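According to TrEMBL:
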{"type": "REGION", "residues": "A:1-29", "note": "region 'Disordered'"}
{"type": "DNA_BIND", "residues": "A:25-93", "note": "DNA-binding region"}
{"type": "DOMAIN", "residues": "A:25-93", "note": "domain 'HMG box'"}
{"type": "COMPBIAS", "residues": "A:70-90", "note": "compositional bias 'Basic and acidic residues'"}
{"type": "REGION", "residues": "A:70-98", "note": "region 'Disordered'"}
Amino acid sequence: MPKAASGKRGGKEIKRRSKKDPNAPKRGLSAYMFFANEQRENVREENPGISFGQVGKLLGERWKALNDKQRTPYEAKAAADKKRYEDEKQAYNAEESS
DNA sequence: TCCATGATTGTTGGG
DNA sequence: CCCAACAATCATGGA
């Protein structure tokens, strides 16, 4: 029964679905997004010519290689971005009432 | 009330 | 143009 295993996010069958809502209040970015934004340059700089597969995986590895304190700045960004989403959500809620 | 799921975010690089 | 691993997220809804 491939239906998630309770607490843990079960699988990895993720497939982005364009938009399903009218104004689609997109969520905020994730800490990893901000981390990638900065590391992408660094990682790619140390590995010039590597494909995304290498960068992507490598990126994720060092992402966790950081300490919670190091992720803080990224998480902070994610939190700020989330707020951004809240705003969209509000507009979405307001507009929703036709 | 609680859980789970879905939708989304961004990187690179290529078919 | 879209997807692919990588990670987080976290708000919403369905029971």
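Glycine residues also receive a Cβ, built from the backbone N, Cα and C atoms like all the rest.
Residue counts for the region 'Disordered' (A:70-98) by DSSP state, with H, G and I taken as helix and E and B as strand, are 27 helix, 0 strand, 2 coil. Over the domain 'HMG box' (A:25-93), the average per-residue pLDDT in this prediction is 90.
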